[in-house]
Amino acid sequence: MRRVIRPHLLLFLVILSFFPFSKSVDGDEYSETQNPAVLPQVTDLIHKEISNLTTVLIKDMSSMLNFCIKNVEEDLNGAFDYTDNMDFITNCIKKTKGDVTRRLCTAAEIQFYFSSLFSKGIKTGHVKVNKNCNLKSWVEGCEPGWGCFANPDQEFDLQDSNYMPIRTRDCQPCCEGFFCPKGLACMIRSYCPLATLNKSTGVCDPYNYQIPPGKSNHSCGTADIWADVGSSSDIFCSPGSYCPNTLTKVSCSEGHYCRKGSTTQITCFKLTTCNPNTSNQNIHGYGVMLFVALSLLLLIIYNFSDQVISTKERRQAKSREAAAKHVRETAQARERWKAAKEGAKKGGWQKQLTRTFSRAKSQKRAEQQASNASKSTDPELPPPQSNVSEQASKGSKEKKKEPGDLTKMLHSIEDDDHKSNEGFDLNIGGKNVKKQAPKGGKQQLHSQSQIFKYAYGQIEKEKAQQNKNLTFSGVISMATDHDIRTRPMIEIHFKDLTLTLKRNNKHLLRCVTGKLSPGRVSAVMGPSGAGKTTFLSALTGKTAAGCAVTGLILVNGKNEPIQAYRKIIGYVPQDDIVHGNLTVEENLRFSARCRLSADLPKPDKVLVIERVIESLGLQAVRDSLVGTVEKRGISGGQKKRVNVGLEMVMEPSLLILDEPTTGLDSSSSQLLLRALRREALEGVNICMVLHQPSSTLFKMFDDLILLAKGGLVAYLGPVKKLEEYFSSIGINVPDRVNPPDHLIDILEGIEKPASVTREQLPVCWMLHNGYPVPADMLDLTEGLSIASGSNPNTSGGGAGDQSFVTDMPEDSKSSVSKSKDLSNRTTPGILRQYRYFLGRVLKQRLREGQMQAVDLMILLLAGACLGILVKVTDETLDSTGYTFTVIAVSLLSMIAALRTYSLDKLEYKRETEAGISSLAHFLAKDTIDMFNVIIKPVAYLSMFYFFNNPRSSFQDNYVILMCLVYCVTGIAYVLAIAVAPSLAQLWAALVPVVLTLIANQGKDSTVQKYFGKFCYTKWALEAFVITNAERYSGVWLLTRCRSLESGGYSLNDSSLCLIVLVVYGVVARIVAFIILVTR
């Protein structure tokens, strides 16, 4: 622990140690001879002799004052370089009659003075009684500002730390450059001008001691105590002047400035104004110029921050449009060529070619044909009057003749069909997609143009396949195409699935039994509060805390956790959870990159994205921002389709959708269902919740799960057998009425059938399938005569309709698999996802450039205001200005950093549940936030430093502020993740203020003692004070030591403070990440 010392004592020791004291052999030679020639030799001799005393005291001072003095000799010599200027010794020799060294304090007297100050207290300035000054002996030298010679009969060494000589002879005022403490009767080296008597007050100014009464020959000496600037600022060299030694005071010249206590004048910066006698340079001009420059830069960022992204998007859009146009034109040309070949087989091929390629004719071809017609000897082209059969006959006879130019052109088109690397061949609807890949594999497609040509070629092929039969049955017939790529199958069995609230045992879902089969589209319907979303959540393991799930859920016939397949399971939430500051394509691309197989070639990933955009009808808005509540983007229906597309692009095997058609019109809903039907053809198991679809939309589903109030099943089976089942229990759907509308009205109680009540419908289904009826529902079976075993799932129909067979697989009793991942899909690793996240977050921040510019502008204004209003105070080493700096920078940086996680919590939750790396997400955001860590200190200091002009350097302040911003950014992460946004903002405003108040309590405060080291503000403030204190030396040593000692700071802890701030920032980030992944 640091020892508490009095600032006066510390400075006394420093000064004493700095004053060379030596034995006086010839020290009185000048006083005896008054020979000016010997004065320099005597001065040099005395200086050399007493210099040895410094080494004796440096050791003690280094151990006792190490917290405020790093290098004792350097600090002392830096303020009083008496090696170069010893005029104060020369002047003292001239005024002293005798050996000057016999008036100087020995090492023992200096140590005695220090111990006296330590025990008595810094405010008194008195020493303990001693052999020279006590009640029995009080000579004039014991008075303040006076000293006496040591008696001549004593021989002593100034370096002797044990002997205190007797001083009773020839008492005189202290020489300038020394001070004489009251009660010590010797001189100690310091900057102490001679005092003058104030006749009106009788006080020796500026030291405030009085001449002893009754002693008319007693005059004012020098100082009686070494004081800091707070106790006596008059002993410091005044502002606007510098004092090269203890006797000289020089006014600052023009172009220079001199702070208070300066020993040299400092040259002003260029472009600054420094008049004579200036205490500080006026660098406000630099601040104004920086303010204007940064303001212009921020205005540019504010208005053009997203232009970089927009330019890249336009360039990519041109490449994409060019590729699409090329593919369409190629497809059309091949269709025309195909028609031409068919026409040639039927005869009249020349007319057919002329009609087919009429739009491609040019003046050049006309001229070429005219030229060829004029050559009668040309055997390559037939006469215009010849018909097709004659030309074919002549061609067969003249085998040695070369083909004509037109024939070459037609053959070249046909040859291109087999050489094309655009994924689209002449035979529209070709079987094997892999055959469409370019030579050398899809990895050979590097440019955007090549990749887009490949993707659009495949899409045109798929369109051509569908155009063979535009009816819905024709599209379904595509399922017989064995070359369509299928995905891993996921079949879900569930039996007696029940979900109960733990607090009141209320059933949200009850006794649900059935299965979801691959390749089929199932609809979950029912009245509000029937548990439709709860059913999907229970299937996917997304139930909320406080709910108990019972029953059996099997995946592919095995009792395995559904979360083990999350990489190939898509879940579309009811709310449109999409990044509003990204475009439609950027949202889809990021989902595809992170969730598709890592070894899937880039062209295929682009193909998947383009296919989804095409199937969902998002081509027109693909480059539009999705938009947020504050900033309008695409329409609600388009946003809903983007919400679905985020899951479609990852090619799931099981796709769960919660009300995907809500907010969509009829045509958009059919477009979405057709896209989902196309997904089902690839073996995808699709289940969705929706409310009362149209009759056309309803018929596009394969199966229906109809839930009643309380989460009970009213029907679970094929759509086409729905009316048959309900007719069997006495409920007939009226003509021209949509079946789901009528049935939901019954379940709501709007329609009341005569045969059964709405409460009996779930019981009818249980009896119909032979399921056990819960005991509390047995009373509902009265009056029901439904034969069991007539399940529509098992009676009649083809095998394709049996999607809800209730028999469980043979291995359904197998234990739950302990495997963490059973999806057999290797998604990109953390590093690749980190790269993807980095690109996404960077785009988001660029689009939020206006907000970033506002943050920096507020910092600029805060720096300017504090720099102007908070003046530099030398007494406290400018700790006040730095206190406000810590509060302002912490508060503004913390509130701004809250946006990093407060605005996209839902998006993060969705991505994490889908298997995207949380670590990559966290590291990417933190990496982008390092920009703020670097630039925000510059923004603040560019104003504060040039308006406040502290003694510490810009670089030192910048490093501290950078560590501070890094620390508070980590704390902001914790607040943003742990609490709601409104509470996070409140905490972000309170934490810096409260912790700064604790840090300013002082080292003796109980709060500071127990909590100070845990406050980041304490370390930041200490770093600022230490950095500034290092600029105070010489006469400021006592002020420096007093300020550091009162705050419990140490000059040696500057690096420690920065390390602690960085460590706090790292720890805060670790805590934030733990909260992020555990919430």
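These residue numbers are counts, starting from 1, taken along the chain as shown.
Just so it is clear, glycine is given a Cβ too, placed from its N, Cα and C backbone atoms.
Record features, source TrEMBL:
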COMPBIAS  319-345  compositional bias 'Basic and acidic residues'
COMPBIAS  395-405  compositional bias 'Basic and acidic residues'
COMPBIAS  411-422  compositional bias 'Basic and acidic residues'
COMPBIAS  810-823  compositional bias 'Basic and acidic residues'
DOMAIN    492-734  domain 'ABC transporter'
REGION    319-446  region 'Disordered'
REGION    789-824  region 'Disordered'
TRANSMEM  283-305  transmembrane segment
TRANSMEM  853-870  transmembrane segment
TRANSMEM  882-901  transmembrane segment
TRANSMEM  958-978  transmembrane segment
TRANSMEM  1056-1077  transmembrane segment
Next item on the list: Please indicate, using numbers and ranges, the residues of the same chain that are 6 or more beyond the transmembrane segment (1056-1077) and have a C-beta under 8 Å from a C-beta there.
Entry: 901, 908, 912, 918-919, 922, 926, 959-960, 963-964, 966-971, 973-974, 976-978, 1016, 1019-1020, 1022-1023, 1026
Next item on the list: Run through the compositional bias 'Basic and acidic residues' (319-345) and tell me, per DSSP, how many residues are helix, strand and coil.
Entry: 27 helix, 0 strand, 0 coil
Check: the transmembrane segment (853-870): which same-chain residues, six or more beyond its ends, come within Cβ distance under 8 Å?
Finding: 287, 291, 294-295, 298-299, 301-302, 305, 880-881, 884-885, 888-889, 892, 896, 932, 935-936, 939-948
Margin query: If we skip the immediate neighbours and take only residues 6+ beyond the ends of the transmembrane segment (958-978), which ones have a Cβ under 8 Å from one of its Cβ atoms?
Written below: 885-886, 889-890, 893-902, 905, 926, 929, 932-934, 936-938, 940-941, 984, 987-988, 991-992, 1016, 1020, 1023-1024, 1027, 1057-1058, 1061-1062, 1064-1069, 1071-1072, 1075-1076, 1079
Check: So what's the average pLDDT for the domain 'ABC transporter' (492-734)?
Finding: 89
